[in-house]
Structures are given as C-alpha cells and as structure tokens.
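Enquirer: Take this structure, written in structure tokens, and hold onto it; I'll ask about it next.
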Amino acid sequence: MKTSIATVSISGNFAEKLEAIAAAGFHGLEIFEQDFIAHDANPREVGEMIRAMGLEITIFQPFRDFEGLPDPLRAKAFDRAEHKFDLIQELGTDLMLICSSCHPEAIGGIDRAAADFHELGELAKKRGLRVGYEALAWGRHVNDHRDAWEIVRRADHENIGLILDSYHTLARKIDPDTIRRIPGDKIFFVHFADAPAIDMDLLYRSRHFRNMPGEGDLDMIGFTRAVMATGYSGPISLEIFNDQFRGGQPKTIAKDGYRSLLALIDDVHRAEPALALTVPDMPARIQAKGLSFIEFASKGQDAETLGALLSSLGFTACADHLTLDLTLWAQGDIRILVNRETKGYASSAFTLHGTNVCDIGIAVEDAKEAAERAQLLGADLFEQPIDPEHLKIPAIHGQSGGILHYIDDKTGLSNVWDLEFTNRADPSQAAGLTRVDHMGHTMSYEDMLSWSLFYTTLFDLKKSAMVDVVDPDGLVRSQALESLDGSLRITLNGAETHKTMAGRFLAESSNASVQHIAFATDDIFASAQRLEACGFAPLPIARNYYADLAARFDIDAATLARLRAQNILYDEDARGKFFQLYSRPFADGMFFEIVQRTGGYEGYGGPNAPFRIAAQKRLMRQKGIPNVRPQMS
Ligand SMILES: O=C(O)c1ccc(O)c(O)c1
Ligand SMILES: [Mg+2]
C-alpha cells in the first residue's frame with residue numbers, strides 16, 4: 001500500500017514541499033496544478049526531479065468543469081483535457097483527477113456526463129492514461145460519490161474510474177458504508193482528509209479547515225474501512241487544505257501527515273483485522289497511568305527561587321541523585337525534579353528557555369513498548385550518555401524540544417528513585433497535595449493540531465471540546481486531552497498573539513512548553529491554610545469576582561467568605577464542583593495551581609480563566625517587571 005500527499009497540503013515553495021514530503025517517508029505525491037504552475041521548470045524536469053528524490057507522482061489534479069457542458073464550451077473542455085494529457089505525460093504520471101463541475105452553464109444529467117467521460121476515456125486510452133472522477137461536496141449537479149459512481153459506471157470505460165474523498169463524503173453526512181458497494185478496481189484514487197465539526201459552508205470549511213486524519217471529528221476509520229473493504233489497492237493520499245498548515249513548517253506538517261496516516265491504518269487494522277492492509281507491526285495506543293515526574297531545568301539563583309516556591313507549596317527536597325546535580329522534591333504522589341547540571345540536555349534547555357520544564361515522565365505498563373510505538377510513528381528517540389550503572393529509561397523527543405520518558409514497574413524503571421537517589425526521606429504531606437491533576441502546555445495556535453496529534457496517536461486519550469479562554473489582550477484556545485480514567489490530563493493552550501499571558505510566556509521563554517502544573521488536593525480549604533503556614537503567597541483575586549459568584553451559584557455565606565479570604569476560585573458543572581487556588585507567576589510567566597474536584601467535575605475552570613489571567617497581569621504590571629518572582633513571607 002502506497003502513501004501519498006497532495007502538494008497543496010504543505011507550505012513552502014515547490015522544492016521545499018518535495019523535500020519535506022520525501023523526508024517524511026511518503027512514497028509519492030499528488031501534483032496540485034497551482035504548485036506546478038508557480039514553479040519555474042518544465043514538466044519533464046519536474047518529473048525527473050521528483051523521481052530522483054525517490055518519489056513517484058501518484059496523480060495530477062485538479063481538472064475542473066469538464067462534464068455536461070453545451071457546445072462550444074464542451075469542445076473547449078475536451079481541448080483543455082488534451083493539453084493536460086500532454087502535460088501529465090511529460091511529468092510522468094498516468095492519472096488525472098477531474099472534479100465535478102461547478103460551471104454555471106453545466107447542464108447536468110447522468111447520461112450526458114457518462115457520455116462525456118466515455119469519449120474522454122477513448123482519448124485517454126490512446127495515450128495509456130487514466131482519468132478519475134471526484135464528486136465535490138459543492139458540485140453543481142454532482143455532489144455525492146454515489147452519483148459520481150453512477151456516471152463512472154455508465155461511462156463504462158476501462159480508462160475511467162472513480163475518485164473518493166473522505167471530506168466530500170463525510171462532510172455531507174453520507175453513510176461511508178455506501179462505498180462498500182463499489183468495485184475496488186473502479187476506484188482509481190482516494191483522498192483522505194479530516195475536518196472539525198463546525199457548522200459552516202461546505203466549500204469554505206474544505207478550503208480552510210481540513211486537517212490530518214485524527215485531528216478533526218470526521219469518521220475517518222469508518223470511511224477507510226469501507227474503502228478497504230472494496231479491495232481498493234491504490235495509494236492512500238492526504239489532501240489537506242488548511243490555513244494554519246499553509247503558514248507552518250513544511251517538514252513538521254509532512255511528518256504529522258505521515259504520522260496521521262500510519263495511526264489511521266493501525267486503527268483500521270485493529271477495528272477490522274480481516275481487511276487486506278499492510279500495517280506496520282506496532283503496539284496499540286499506550287494507556288498512560290499518570291505523570292511519574294516533572295523535571296525542571298534551572299540553575300543558580302533561579303533554582304533557589306524555584307526551591308523556595310516549591311517549599312512554600314509544601315514540598316520537601318527528599319533526595320539527591322547519586323551522581324547528577326538533581327534534586328527530588330516530593331509531596332504525596334507528586335515528584336518534581338530540579339536539574340542543575342551544567343552539561344547535557346537539561347543544561348542546554350536552561351540556556352535556551354531559562355527555568356522551565358525540560359522533561360516529563362509518564363507512567364506506563366511497558367516502557368519499551370511505548371517507545372516503540374512512538375518511534376514507529378516518527379518520533380525521535382532521545383539518548384544522552386549515562387553512567388553504565390544507571391537505568392536506561394526509554395525516552396523520546398516531544399514537541400517544542402521537550403523530552404518524554406516512559407517509566408514502568410514491569411521492567412523495574414520505577415525503582416529509579418530507590419536505586420539512583422540518596423539521602424532519601426519520605427515525601428512531604430505538608431499541604432495535602434496528592435497528585436498532579438493536570439499539566440498545561442502552551443504553544444502558538446498554529447501548532448495546536450500538531451501537539452494533539454502527537455499525544456493522541458501515542459496514548460489512548462480522549463479529546464475534549466476546544467474552549468475559548470479570554471485574556472484581556474486576546475484569545476487563547478484550550479483543549480484537554482485525558483486518559484479514560486483521568487490519570488493523565490494534559491491541557492493544550494494555543495496562543496494567537498504575543499500579548500496574551502500565554503503568548504508572552506512563549507516569547508519570553510523562547511517557546512518553553514509547560515506553562516502550568518496543577519496539583520490535586522482532597523480539601524482545598526485545609527490545603528490553603530497549610531500552604532499559608534508554609535509561606536505560600538496566593539494570586540490575589542479581585543473582590544468583584546466573589547460578588548459575582550454569589551449571584552451565579554448557590555453558595556452559603558460561610559463558604560463564600562472562605563473562598564474570598566483564601567483567594568479560591570469556584571466552578572461547577574452537572575456532575576460536581578471545582579475549586580482552584582493559584583500561585584503567583586514565576587519564571588517568564590509559569591504558575592502552579594491547586595485544585596479540588598468533587599463528584600466527577602469534568603472541566604478545568606474555563607469560566608474562571610479571564611479573572612485568573614487579569615489577576616496575573618495585574619500583579620506583573622504592579623511590579624513593573626514582566627517576570628515577577630514569587631514573594632515569600
Ligand atoms: O476545493 C477544491 O476545489 C478541490 C479540488 C480538488 C479536490 O480533490 C478536492 O477535494 C477539492
Ligand atoms: Mg479531493
């Protein structure tokens with residue numbers, strides 16, 4: 001089975017597109033006509049250049065407004081087709097895509113269109129070429145693959161076949177199982193594209209919001225299963241029109257595309273093992289069992305400041321690494337590492353970003369298997385020289401330069417704390433913080449899909465709906481990824497401008513990846529009191545907020561008074577309640593959060609975000625410096 005991608009899916013000039021497509025591992029590419037026309041080389045040279053890169057041209061597209069025209073437009077359309085046949089022969093491919101006509105003068109009529117295609121089939125046959133017909137979801141007369149198939153069937157020509165496109169079928173809510181009735185050898189080509197579930201004009205959504213399989217909400221697995229059930233054996237090809245991708249990094253987008261296709265094929269194989277698919281033999285999506293550790297890179301005075309903040313949060317420095325300048329701070333089941341090494345990965349991360357989270361450890365059943373899945377999906381393994389006595393813990397490069405380690409009990413990796421750390425004391429219970437509730441990544445909005453694809457293809461996570469977080473200076477989009485049992489929760493926060501709290505963090509930390517960490521407690525009021533005793537300085541919340549809370553929710557006066565006195569934010573949903581207490585910002589705008597969930601509350605306090613952000617910005621402005629250090633009492 002060959003993988004392919006349309007050049008229109010990738011940003012950059014023609015040469016950059018080709019390079020990115022080849023580097024990502026695709027077998028071939030679809031030449032999108034515009035990309036070819038904009039490029040300054042003749043078709044023969046273009047074909048040779050592509051083949052020299054080890055790629056094949058899987059199709060040339062699109063040819064528009066062909067079928068069902070009255071003369072003289074009809075004759076002109078055949079004439080245009082002959083010109084394009086010359087071109088594709090020089091490029092060195094044998095397949096051309098015709099999309100259903102949007103021409104205002106197209107007459108319609110299944111048999112008229114079929115007759116046009118039969119006649120074109122004869123011309124194609126003389127040259128050994130083939131033509132595929134695709135129904136655009138907004139085609140003037142043909143906008144459903146079932147009608148396109150009827151035309152192809154009646155055209156009854158071996159050189160004329162059908163082209164399917166997941167977007168056109170699924171965006172129109174056509175049952176993909178109707179594809180199972182089409183003979184596989186008459187399907188000449190298939191386009192794969194996902195899209196978000198937003199109510200929007202079909203053409204506009206297609207041209208601007210398509211995304212990689214798995215990044216959107218369409219039933220890509222159902223569609224692919226139906227296609228494969230027909231016996232289709234042509235390329236599986238991505239055709240993604242997306243505004244963010246057009247402005248992105250060619251290599252990243254091509255790599256994401258390849259990752260999305262492999263994950264899709266793997267999903268389809270697991271859903272319907274009887275289908276003839278060449279699948280990479282990869283472990284299933286990994287069940288994450290939580291965050292085993294979060295590691296900061298820091299140094300000197302910065303590390304002292306971070307230590308003081310952790311201590312005010314009730315953490316104690318429980319152990320030191322045997323050979324590295326690495327301290328383990330712990331409380332309940334939470335492990336925070338502070339790495340002060342002057343060489344190696346953490347040191348470079350500190351040089352680049354300042355104090356930041358450089359590494360996270362995810363607890364899994366089998367670390368080796370987890371790393372294997374990641375590697376097969378295109379992730380790069382992370383390795384740096386270690387003491388031969390130390391555990392070799394599998395790790396990969398995450399997004400934005402971060403490292404992700406896999407920790408398991410199965411191969412003894414979770415013994416690392418006993419084996420490699422000294423002066424061990426029990427974790428603190430000082431403020432009653434029990435575990436990491438969630439960790440918040442911040443990235444620019446353009447990169448959000450890439451991040452969610454990374455996590456959701458590696459781990460078994462569900463995506464919650466995207467929410468808007470209103471910052472006084474712009475909008476931040478936030479999306480949560482959660483393991484089914486809630487043991488791993490990650491939020492992705494996409495900043496659109498540098499003026500937002502999130503955008504400023506990115507600018508000032510040179511794109512560090514973790515902006516906040518939320519710890520869980522079973523009793524937020526008790527924790528707040530104990531934190532005060534530890535010297536914790538909470539983020540002061542505007543008094544107006546509490547007056548509004550009283551109006552919005554049924555909260556008794558005593559509870560409201562405690563919330564106000566302790567600067568605790570409150571939210572509730574149909575299932576339960578949510579309490580939040582924030583630290584002051586540190587290190588370029590990072591912050592900690594303490595949360596309590598009761599009764600299965602599912603969110604992250606989204607409605608409170610504007611008030612929290614306003615408070616953070618107020619504090620940063622008051623101090624007159626962008627990067628406020630926490631105030632210790
Ligand atoms: O948006 C379009 O015009 C267009 C063109 C060719 C395709 O294959 C397609 O799916 C859409
Ligand atoms: Mg298409």
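Here the Cβ of each residue, glycine as well, is placed from N, Cα and C on the backbone.
Here's the feature list from TrEMBL:
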BINDING   H438, H516, E593  Mg(2+) binding site
DOMAIN    435-584  domain 'VOC'
Enquirer: Within 10 angstroms of the C-beta of H438 (Mg(2+) binding site), what count of other C-beta atoms is obtained when all protein chains are considered?
Expert: 21
Enquirer: Counting only residues 6+ apart in the same chain, whose Cβ is under 8 Å from the Cβ of H516 (Mg(2+) binding site)?
Expert: M439, G440, M590, F591, F592, E593
Enquirer: Out of H438, H516, E593, which binding-site residues lie by ligand 2, with a C-beta less than 6 Å from some atom of it?
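Expert: Qualifying residues: none.
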Enquirer: I'd like the number of other C-beta atoms within 10 A of the C-beta of E593 (Mg(2+) binding site), please.
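Expert: Taking all protein chains shown, E593 (Mg(2+) binding site) has 21 Cβ neighbours within 10 Å.
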Enquirer: Can you name every residue in this chain, apart from H438, H516, E593, with its Cβ inside 8 Å of the center of the Cβ atoms of the recorded Mg(2+) site?
Expert: D437, M439, G440, T491, I517, A518, F519, F591, F592, V595, Y604
Enquirer: Sort the residues of the domain 'VOC' (435-584) into helix, strand and coil with DSSP and give the three counts.
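Expert: Output for the domain 'VOC' (435-584) reads 52 helix, 56 strand, 42 coil.
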Enquirer: Averaging the per-residue pLDDT over the domain 'VOC' (435-584), what integer do you get?
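Expert: That stretch averages a pLDDT of 96.
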